[in-house]
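Asker: Before we start, here is the structure in question, set down as structure tokens.
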């Protein structure tokens, strides 16, 4: 259902150019009826063990898994065909590398622009119906692209326009598809389900280009006929996903927290992302890796023809296949890596290897020397984004998961679009070898900042809801808020003046927590008496105030308790609505 090179952790029917894997980020849901997110580290079960495949015992997951695996194969067939078609259409053009790169840009641009809105839709609309509509949309657009190619009607502009429309479908389906995963398998098997989706994605990454080679090798299907047929076959692979989703008897979905509106849901997701240090760190790492890495993905046809001097669709698609084989190997290696090492050292090491691979590729001119490099880069390509996805999934609570993931996807696919535009222009102005060297150098330099932006800042925190189904919900604040208009809250503290520095540090952390959950205008005011402080914050509306208990997680309560522990006054610390 989606598209692109990183790595998908959810049933992703398709992909388009930056990474079905990118759509893998999540595995959570923000709806009340959804299962809770899996706790603990990702599954570390050997892939060849029976336990690794246990999620397939769940009939619904198995059906959707098979259907989306077929769709991903078709998508990667299209991924191989699109850039090659643009290369053929622009042969002789001075800015051919830039035009080839624009296929990647136009595929990812709508995801960057629309993922945030799609995240809001995923939390306020019925996800099953939304997914059915988006799958039908991508089926139709793929077939139209194929028919126009067969009849010689396609132009560079039309190819980019239809690629953009496919990206719209990917953007609309991504957050919803990720958010339904906990509804498909038991919580204890969610990490295993994520691993299985990574396997399917990366098998598709190898098989899809191989099928493209097969199609264009059939007598009579060379040139535009082979490429057009590939597009049509790609569209047909969505049929299975549509059928499984149509047959799914899903319970009616309610909004995540007290019937949030569409724009309100987006605003809440934005606040959480902006004020979550863990999320900001992950998003920076995504940007720092994807933008330079895209020099390879956006320029594969140019690498094939100008760097390696290959000719024909088959030779070009072979490069995709080598990366896909490496990705499969990466999936096999991941359980062992997760068992022995933490996320950050794994990602840092793999990023350095990828950077060295880009630089090494710039010096080779033989397919046999390039093949092992592409294979190695495929290994690291799947490991790095998969860990980004895992880190994101573990860093957000259920109530905002769909929206937080949508911001993750915005940065992820925005990085593809930005990188594609940059490297297309650099290659046009210089050459592909220079682009590869600059990309590798930039990636290595950005890695120096990794210690300041770790991926595991929220590791060990309990992000489950503070008040379970059977637990009494504690009022967020004493007093009666006004029926309409803004609600202002005050909290009084009396602390030991000698501990003021530590108290202020704790309050900075608490301020971020309040803002993540929707508070505004937070401030800490010292009183006239030493050690006396007032914490002030507000909410835009009564509804926003009423949503606070539903947004609190157990880690929030622990943070509030940490701040309250500084209080030495007789009365307990309690938020109070200001008159």
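Note that Cβ sites are derived from N, Cα and C of the backbone, with glycine treated the same way.
Just so you know, TrEMBL annotations are computer predictions that nobody has curated.
Annotations per TrEMBL:
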DOMAIN    60-458  domain 'Major facilitator superfamily (MFS) profile'
REGION    1-38  region 'Disordered'
TRANSMEM  99-118  transmembrane segment
TRANSMEM  130-152  transmembrane segment
TRANSMEM  158-181  transmembrane segment
TRANSMEM  193-219  transmembrane segment
TRANSMEM  225-246  transmembrane segment
TRANSMEM  282-304  transmembrane segment
TRANSMEM  316-333  transmembrane segment
TRANSMEM  345-361  transmembrane segment
TRANSMEM  405-426  transmembrane segment
TRANSMEM  432-450  transmembrane segment
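Locate each feature and note its surroundings.
Answerer: Residues 1, 13-14, 71, 74, 78, 85, 121-122, 158-159, 162, 165-166, 168-170, 172-173, 176-177, 180, 224-225, 227-236, 238-239, 241-242, 245-246 of the same chain sit 6 or more residues outside the transmembrane segment (130-152) yet have a Cβ under 8 Å from a Cβ within it.
If you look at the transmembrane segment (316-333), the same-chain residues 6 or more away from its ends with a CB under 8 A from one of its CBs are 7, 47, 76, 79-80, 84, 87, 195, 198-199, 201-210, 212-213, 216, 300-301, 303-305, 308, 310, 367, 370-371, 374-383.
Sequence-remote contacts of a segment are chain residues at least 6 beyond its ends whose Cβ falls under 8 Å from one of its Cβ atoms, and for the transmembrane segment (432-450) they are 97, 284-285, 288-289, 291-296, 299, 302-303, 306-307, 344, 347-348, 351-352, 354-359, 361-363, 423, 426.
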Asker: Count the Cβ pairs between the transmembrane segment (99-118) and the transmembrane segment (345-361) that lie under 8 angstroms and are 6 or more residues apart in sequence, then report whether there are at least 3.
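Answerer: No, since the transmembrane segment (99-118) and the transmembrane segment (345-361) share fewer than 3 Cβ pairs closer than 8 Å, they do not count as touching.
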Asker: Run the contact check on the transmembrane segment (282-304) against the transmembrane segment (345-361): 3 or more C-beta pairs under 8 Å, excluding pairs closer than 6 in sequence.
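Answerer: Checked: the transmembrane segment (282-304) vs the transmembrane segment (345-361), in contact.
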Asker: If I take every residue in the domain 'Major facilitator superfamily (MFS) profile' (60-458) and average their pLDDT values, what number comes out?
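Answerer: So the average pLDDT across the domain 'Major facilitator superfamily (MFS) profile' (60-458) works out to 86.
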